[in-house]
Every structure is written in C-alpha cells, then in structure tokens.
Amino acid sequence: MTQMNFTDRATRVAIIANGKYQSKRVASKLFAAFKHDPDFYLSKKDPDIVISIGGDGMLLSAFHMYEKQLDKVRFVGVHTGHLGFYTDYRDFEVDTLINNLKNDKGEQISYPILKVTITLEDGRVIRARALNESTIKRIEKTMVADVVINQVVFERFRGDGILVSTPTGSTAYNKSLGGAVLHPTIEALQLTEISSLNNRVYRTLGSSVIIPKKDAIEIVPKRVGVYTISIDNKTVHYKNVTKIEYSIDEKSINFVSTPSHTSFWERVNDAFIGEPEH
C-alpha cells in the first residue's frame, strides 16, 4: 500500500503579486491563511491554482510564468485597484476567496489564447503565446506587408503596423485603435490596422476583421529591415522577418469558476462607461 502524504490531497497554490503595498498586504494574508491549512499547500513551482494579485498586467505576467503548465493550472485574480477584466475578487474579499477555494469543485471558465509563429530569413522559427494581443511594426519606415487570411491574400497593408488580438484582448490596445469588443467565450481572432495609409494610390480595408477559429492569419513583410514584435507586454526586435503567423492556440487559459464571477459586460461597463449621470 502506498502511503499518501497530506500534500497529495491538498490543493497546490501559487501566490503572485505586484510590488504595490496593498497587493503585498493581500499576499501576506493569503500566505498566512494557507500556510497551516491542510486543504492547501503553497507551491510556486507546480501549482494547481495561481492567485494573481494586482491588476490585469500582473495576470498577464502570471500567465506567461505558467504558460507551459496551462493544461493543469487554473488562475484566479485579485484586483487591488479598480475592477479588471481578469479579476473576480477585490482586495477586501480575501476571506470570500479563501472560502470559495475551500469549496472548489474544480469547475473552470476557459478563454482562447493566441498562437504566434515568427519565421526569420535565416530559417529560425520562434513560437510564442499571447493572452491579449500581438503586434508587428516597423518603426523607422512605413511597414509594407501582405495580409493573408486562410491562404488567401486579403490586402497589401501600408502603415505603422498590425495588431492581432484575442477576445479578452479586444478591450485593450485593440479598442483604442477602434476595434470591436468581443465576448471572451467567442473563439475568434481580431485583426486591426495601426495607422494604415489610405489615399488614391494605396488602399486597405480600414476596419477590423473578425477571423473564425478555423482560419489563420499570416503577415508577410515585403521589405527587409528590423521589425518590432510585441507579445502581450513583452517586446522583441527581429531583423528580416519572413512571416508571422497567428491562430487560435490548441490550449486555453482556465480560470477558477466562482459564485461571485462578474459578467464580462459589467466589466466593460465599469471600465469604459460607468454609472450614468442623473
């Protein structure tokens, strides 16, 4: 008979917080609550649940920290500022969070993420995942690139760059560019132009395009040079990019399903509209 250690039965929890005072206070309270509770085991290396404390930026960092463990990790966010799109709890709801995790039945809410494949002229292939968005830009000169959707050349783009976002990322940079807001359960990508050049000679669609899950997007630069590619909040520079491919990843991000889950449209209202004046 194999003897079972209490850690085999306990829920393994990682607590990730930003450097703000209030976030540290919440983290300290959670550490103290979980440290001697047999239902939980603190494990930053191999967690079942990752608690992100801060804002949406902190959750993006937590996602990339555990993106190789997405099959077995669920996330939960605690916001120490105003309401965020990835957070279900406020800093004063720590006791509610602990109680809900004690009664957790393993249910989850899943959202699609972005698969990014960058091919360079020397044959190197760089693969990455994005929770919100990815952009490609050519800073010093106008970017010229073919936009290929599902192997069909859709347009030749001229402008500052192109953004591809997930539904959860549609409320971020995409919205500031005039893109549509998509509900996060929709498995689709959104392609949005960044300062496209439109005149009598050069034309682009000039509006966002919603791409279904089964289709892929290719951006094929037509000029040599250094390109700036962002993956969420990280930016890299590559010389002579042959193409960059975007599609819905086979994995998804999973959040702990909680009774206090705030609806997406409430979050949109809170972030961009607010209470009407009377």
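Just so it is clear, glycine is given a Cβ too, placed from its N, Cα and C backbone atoms.
Over in Swiss-Prot, the protein carries these features:
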{"type": "ACT_SITE", "residues": "D56", "note": "active site, proton acceptor"}
{"type": "BINDING", "residues": "D56, G57, N132, E133, R158, D160, T171, A172, Y173, N174, K175, S176", "note": "NAD(+) binding site"}
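Shown here: features listed in Swiss-Prot, placed on the structure.
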residue	record	contacts (Cβ under 8 Å, 6+ apart)
D56	active site, proton acceptor	G77, G84, F85, Y86, T87
N132	NAD(+) binding site	L60, S165, T166, T168, G169, A172, Y173, D232
R158	NAD(+) binding site	T142, M143, V144, S196, L197, Y202, T204
T171	NAD(+) binding site	F85, V181, R267, V268, A271, F272
K175	NAD(+) binding site	V181, F272
Inset, instruction - Would you mind pulling the longest C-alpha to C-alpha span across D56, G57, N132, E133, R158, D160, T171, A172, Y173, N174, K175, S176, which the record has binding NAD(+), in angstrom? - result: 32
Inset, instruction - State the count of C-beta atoms found within 10 angstroms of the C-beta of Y173 (NAD(+) binding site), not counting that atom itself. - result: 17
Legend entry - Conformational class of K175 (NAD(+) binding site) under the three-state DSSP mapping: helix
Inset, instruction - Please state whether DSSP places N132 (NAD(+) binding site) in a helix, a strand or coil. - result: coil
